[in-house]
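Let me begin by presenting the structure, written as C-alpha cells, before commenting on it.
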C-alpha cells in the first residue's frame, strides 16, 4: 500500500507526508544538550526535524522539502526563546535526484546553511556512518511532536526514544512490497513505542553515527508496524559529493 494512502486512511489533515510532525510515543524527555545535532526546520512553524552533519550542512528527509527553510539549532524548549538558539536560513535545499515521493524511496535531502553554525555545547555535528548498523543495534530517535498514539499532545521539550534496528526480514514482513534497499525499520514489533512519521527528517543515531532519517510508517506504535527510516549508510557518497559540488 502506498504510504500516502496510509496517511489518508489515518485521517491526516493533508494526505501527504510533507508536513507531518513527529509523534514519539513511549519515549522520554531528552536531557538538555544531550542531542546537540538535532535541528528544527521552520517555516513560521516547526514542520520537520533534521541533523547537523557539518557547520554548514543539515541532512533531513526529502519529503520535508520546502524551497526556503529556517534551520533552528540549539533548540530544547521549542516554544520558548531560551537565548542559546541559532536561527539560520537555508542557502540551498537539495533533494536526492532519485527521490520517489510515491513510495518514499531515496527520502533524503541536504540543506546548506546561509552562514556556518557556531559549534558549542548546544550545537554540534553528528558523524556519518562508516558502515551500516547491524540488526539489534540500539539507537536514539529524537524530535518534538505528538506523544499520543491517538489524540494530540505536542510537548515543548525535545523527546527521545531508544529503539533497536530490526532485521530486513522483519521490516519487509511488516510492510510487504513497500520496503526498498534504502529503508530500514527500527522499533518494537509488540507496539507501544514508536516515532510515527517521526519528526519526519529527524535523526536515528546509533553508536554516535547517523544511521537513519525518520521517513514513514503506518499509524503510531501499532503492533507489527515499526517506524521506517532512510538508510543513511547507502547515501554517504552522495552526501559527500553533493557537499563538495556545492561548497
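Including glycine, each Cβ sits where the backbone N, Cα and C put it.
As written in Swiss-Prot, here are the features:
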type     : residues : note
SIGNAL   : 1-15     : signal peptide
DOMAIN   : 24-244   : domain 'Peptidase S1'
DISULFID : 30-160   : disulfide bond
DISULFID : 48-64    : disulfide bond
DISULFID : 132-233  : disulfide bond
DISULFID : 139-206  : disulfide bond
DISULFID : 171-185  : disulfide bond
SITE     : 194      : site 'Required for specificity'
DISULFID : 196-220  : disulfide bond
Nearest recorded site to residue 160 (disulfide bond) by CA-CA distance, among disulfide-bonded residues 48, 64, 132, 185, 206: 206
Which of 160, 171, the listed disulfide-bonded residues, has fewest other Cβ atoms within 10 Å: 160
Most crowded position, judged by CB atoms within 10 A, among 30, 48, 64, 139, 233 as disulfide-bonded residues: 48
In the chain carrying residue 132 (disulfide bond), residues 6 or more apart in sequence that have Cβ under 8 angstroms from it: 211, 231, 233, 234
Lowest local Cβ density (other Cβ within 10 Å) among disulfide-bonded residues: 185, 206: 206
Residue 233 (disulfide bond): secondary structure state under DSSP, collapsed to three categories: helix
Between residue 64 (disulfide bond) and residue 185 (disulfide bond), the C-alpha gap once rounded to whole angstrom: 19
Local confidence of the prediction over the domain 'Peptidase S1' (24-244), expressed as mean pLDDT: 93
Secondary-structure category, per DSSP, in which residue 160 (disulfide bond) falls: strand
Nearest recorded site to residue 30 (disulfide bond) by CA-CA distance, among disulfide-bonded residues 48, 139, 171, 206: 139
By Cα-Cα distance, the member of disulfide-bonded residues 48, 171, 185 nearest residue 139 (disulfide bond): 185
Separation of alpha carbons, residue 48 (disulfide bond) and residue 206 (disulfide bond) (Å): 20
